[in-house]
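K.L.:
Got a structure for you, questions after.
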Amino acid sequence: MARFVFITGGVVSSLGKGLASAALGALLQARGFSVRLRKLDPYLNVDPGTMSPFEHGEVFVTDDGAETDLDLGHYERFTGVAARRTDSVSSGRIYSNVLEKERRGDYLGKTIQVIPHVTNEIKDFISIGEDEVDFMLCEIGGTVGDIEGLPFFEAIRQFGQDKPRGQCIFMHLTLLPYIAASGELKTKPTQHSVKELRSIGIAPDVLVCRSEGPIPQKERDKLALFCNVRPESVIAAQDLKSIYEAPLAYHREGLDQAVLDAFSISPAPKPDLTVWHDVADRIHNPEGEVNVAIVGKYTQLEDAYKSIAEALTHGGMANRVKVKSEWIDAEIFEREDPVPHLEKFDAILVPGGFGERGTEGKIKAAQFAREHKIPYLGICLGMQMAVIESARHLTDLTDAGSEEFDHEAGKRRFTPVVYHLKEWVQGNHKVERKVDDDKGGTMRLGAYTAKLVEGSKVAQIYGSTTIEERHRHRYEVDIQYRDQLQAEGLIFSGMSPDGRLPEIVEVKDHPWFIGVQFHPELKSKPFAPHPLFADFVRAAKEVSRLV
């Protein structure tokens with residue numbers, strides 16, 4: 001049966017609970033334990049699938065088609081354990097489940113209340129798969145004191161009471177602000193945060209304190225005294241140059257040992273951190289630099305493309321180079337010539353997105369890359385824009401576009417080389433969708449198999465003609481235009497197994513021009529860079545004349 005670590009936050013949000021959880025998971029793995037990480041979000045959305053990227057950042061999609069918080073991406077990248085639908089839940093999902101049960105009569109006419117019905121639903125979620133791993137790490141979103149988070153805090157308090165003594169511990173992450181005028185780290189906000197946590201019945205076993213620099217022993221002792229934790233369980237979490245330093249940094253601070261001590265696991269297996277030393281070496285000792293332009297729609301918030309940024313870093317590590325990314329708003333190219341903006345880059349990446357805004361700019365970026373022989377990677381919408389660009393400029397389909405952008409019924413503005421996907425095969429059954437279906441959870445989501453053309457560039461990159469990648473889209477390139485486009489050099493090099501859905505296109509006689517309908521960034525890891533990103537950076541490296 002698993003041991004449970006509940007990770008909570010205080011003082012301010014966005015302190016890095018997800019990274020701390022992921023790093024702890026990696027350290028426990030390094031000691032030979034199996035782990036699974038979960039995220040419990042207090043917001044009332046059922047999932048992040050319909051939330052604006054500006055509100056929430058990227059949506060991380062799992063193999064089984066769940067749309068989840070970006071922290072699950074950190075969990076996967078640090079542990080290599082594929083996340084599942086049962087690793088993410090929100091207040092919206094919990095309340096929805098409770099109300100469905102009430103409508104079915106499952107509660108036998110009782111008055112439905114937060115305690116016990118909502119808290120029991122949360123506890124049931126936490127318990128899923130508890131016999132599968134040695135450690136279950138559960139991160140609670142938000143900060144202690146948030147109204148919407150109270151049912152989750154109450155649920156984990158009860159959970160700790162329900163389990164045998166020594167099977168659950170609580171780790172609290174806080175901020176130690178530095179006051180420049182006095183030259184001091186202030187512990188009072190952390191003391192009040194722990195006081196708030198204790199007032200609802202949760203006493204932290206481990207205290208992780210974010211700070212700009214080292215925490216003097218005097219402050220550690222003070223925190224241990226006033227927060228009622230052991231001095232060795234006050235862990236400093238200093239700002240780092242790279243998130244991939246976190247496992248080694250937390251190990252030096254003794255986080256993994258503090259957790260094992262809290263569980264009375266002694267003697268503890270020694271960690272094998274070889275892989276993380278190699279990762280750190282590749283980050284800190286690059287042999288060159290490449291410049292990549294990311295032409296997107298949500299560039300004001302880098303978290304909107306979090307997995308893409310990390311996958312590029314992984315590609316750089318595979319090639320021993322530093323990837324310097326510059327985010328460019330695609331709308332700029334709708335007003336200005338893209339050449340002065342793009343000619344300085346070694347490669348161009350156009351990521352996914354929804355809606356018409358900025359798409360003409362993305363098309364111009366694809367055109368620049370194709371005509372100037374610059375490596376191009378188009379992901380999801382980025383592939384669709386590359387296909388539209390080729391259709392407009394290489395064939396007689398000069399009005400090529402996407403059904404997504406034809407808003408008025410009966411008034412077609414484009415020849416729809418990209419159409420609304422209404423049916424597809426998933427496993428052994430057919431999935432059907434209607435245009436007026438709910439937006440949430442109705443896209444083509446999760447892992448699907450693709451067949452690659454033997455001898456194609458992508459088949460060489462993958463080293464296989466069969467791949468499985470994660471998808472998140474409701475629009476698709478129309479297969480009826482394949483012959484027309486292939487005659488002009490746009491090769492359809494990857495297809496769904498039934499041959500109906502284009503998955504990958506590549507430009508013939510181009511050094512590196514690939515568009516993919518799926519999201520390869522979701523499966524990249526620092527110790528196992530995704531082959532597409534590794535080869536994309538290799539191509540950029542050649543352009544930069546580093547080879």
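Backbone N, Cα and C atoms are what each Cβ position is placed from, and that goes for glycine too.
Quick caveat, the model's predicted, so the values are computed rather than measured.
The active site, nucleophile annotation in Swiss-Prot covers CYS380, and the record cites sequence analysis as its basis. The annotation active site is assigned in Swiss-Prot to HIS519, GLU521 on the grounds of sequence analysis. Look at Swiss-Prot and you will find SER14, LEU15, GLY16, LYS17, GLY18, LEU19, ASP71 tagged as ATP binding site. The domain 'Glutamine amidotransferase type-1' feature in Swiss-Prot is assigned to 291-546. Taken from Swiss-Prot, the feature region 'Amidoligase domain' covers 1-265.
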K.L.:
Near the Cβ of ASP71 (ATP binding site), how many other Cβ atoms are there if near means within 10 Å?
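P.N.:
A 10 Å sphere around the Cβ of ASP71 (ATP binding site) contains 26 other Cβ atoms.
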K.L.:
Starting from HIS519 (active site), work out which of the recorded positions listed here (LEU15, GLY18, LEU19, ASP71, CYS380) have their Cα within 10 Å, and give them in sequence order.
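P.N.:
Neighbours among recorded positions, in sequence order: CYS380.
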K.L.:
Which are the residues of the chain, SER14, LEU15, GLY16, LYS17, GLY18, LEU19, ASP71 excluded, whose CB is within 8 A of where the CB atoms of the ATP site average out, their centroid?
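P.N.:
Same chain, not in SER14, LEU15, GLY16, LYS17, GLY18, LEU19, ASP71, Cβ within 8 Å: GLY9, ALA20, SER21, HIS74, GLU139, LEU173.
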K.L.:
At the level of the C-alpha atoms, what whole-angstrom distance separates SER14 (ATP binding site) and GLU521 (active site)?
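P.N.:
Cα of SER14 (ATP binding site) to Cα of GLU521 (active site) measures 22 Å after rounding.
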K.L.:
Whole-number Å distance between the CA of LEU15 (ATP binding site) and the CA of GLU521 (active site)?
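P.N.:
Answer for this pair: 24 Å between alpha carbons.
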K.L.:
If you measure LEU19 (ATP binding site) to GLU521 (active site) at Cα, how many Å is it?
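P.N.:
Checking the Cα atoms of LEU19 (ATP binding site) and GLU521 (active site) gives a distance of 18 Å.
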K.L.:
Using C-alpha atoms only, work out the spacing between LYS17 (ATP binding site) and the residue listed as 'active site, nucleophile' and round it to an integer in Å.
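P.N.:
Answer for this pair: 30 Å between alpha carbons.
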K.L.:
Across the listed ATP-binding residues, SER14, LEU15, GLY16, LYS17, GLY18, LEU19, ASP71, what is the farthest Cα to Cα distance, given in whole Å?
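P.N.:
The two farthest binding residues have Cα atoms 12 Å apart.
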K.L.:
Can you tell which of the binding-site residues (GLY16, GLY18) has the fewest other C-beta atoms within 10 angstroms of its C-beta?
P.N.:
GLY16
K.L.:
Among the recorded positions listed here (GLY16, GLY18, ASP71, GLU521), which has the Cα closest to the Cα of the residue listed as 'active site, nucleophile'?
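P.N.:
Closest by Cα distance to the residue listed as 'active site, nucleophile' among the recorded positions GLY16, GLY18, ASP71, GLU521: GLU521.
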K.L.:
Taking the Cα atoms as reference points, how far is GLU521 (active site) from ASP71 (ATP binding site) in Å?
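P.N.:
ASP71 (ATP binding site) has its Cα 14 Å from the Cα of GLU521 (active site).
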